[in-house]
Amino acid sequence: MCVKASRESLKMELLADVSLLPGEERITDKDIIYICPFSGAVKGKVLITNYRLYFKSSDTDVMVTLDVPLGAISRVEKMGGASSRGENSYGLDITCKDMRNLRFALKQEGHSRRDIFELLFRHAFPVSHGLPLFAYVSQEKYGDNGWNIYKPIEEFRRQGLPNNKWRITFINKNYELCDTYPTVLAVPFKSKEEDLRRVATFRSRGRIPVLSWIHRENQAVIIRCSQPLVGMSGKRNKDDERYLELIREANNTTKLTIYDARPNVNAVANKATGGGYEGDEYQNAELIFLDIQNIHVMRESLKKLKDIVYPNVEESHWLSSLESTHCSSIVFGR
């Protein structure tokens, strides 16, 4: 009896030092085995809240603590089945957005896995299950109002704006021009509000070319925008063409360089859905495709990179394995 009480006391102590955030609530806790990629099977206890997954080992010889925000989890899967044989072959496999794979083993008794799987799955992906994001239930108090920390006017002034080449506009103050752009934008000084509205009709999602960064000394700028709505018919928009010319003049250069992140073939294919790219009708401009593949190719490349460095690096095939990820061509553009 005393031994059992001692064990229960130890279990309680394992999670006693977990400091919950204001608004954070305990959902469940359970005895579990963490399959550590470095130390092997580690016994301990896992706690799931509406904000995190927390694990602490009970083995004094191997001290392991995991504190994973649920928002960092990208996938939760069941490992093994009812007929699985072998030690620690039945449990959960959790994939995180920071390249970690966390594997937990459970005893094959009753519904030991089903309950924790369903609770973790629901709270790791709350919106899909009708639950609020933790950000909306958090009761933490901050000294500064987050909406007042970023002050766009002051940020533009820090960069030397407005000046005789660039002006600040509030045309998007109600997010009517573009619902994915800030309310305060920097545009060429010579442009007028009606020009911006006409250009917005020719840019995907209304994302007109706007200033993102400017060099204080030589006035070189980085502009961001979406693809023009050229389509299969090769539509033109004189206002858009003139607007890019105003950007070139404000940049005080003879040629405007346009970098398109997509591969050329993808940009051409986008014409079929109404998109496209800047053609020869844009005077004094050079278009360069950066050949960055779509998100699915990028995700697969990242997965391959993770596989060769985590949990161990295989030195004998390091260079060939690295080459197979295509990371160098993505990063260096070749």
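Cβ coordinates are placed from backbone N, Cα and C, and glycine is handled just like the others.
Record features (TrEMBL):
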DOMAIN    146-334  domain 'Myotubularin phosphatase'
BINDING   Asn294, Ile295  substrate binding site
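According to DSSP, Ile295 (substrate binding site) is assigned to a helical segment. For Asn294 (substrate binding site), the Cβ neighbour count at a 10 Å cut-off comes to 10, with all displayed protein chains included. Residues within less than 8 Å, Cβ to Cβ, of Ile295 (substrate binding site) and separated from it by at least 6 positions along the same chain comprise none.
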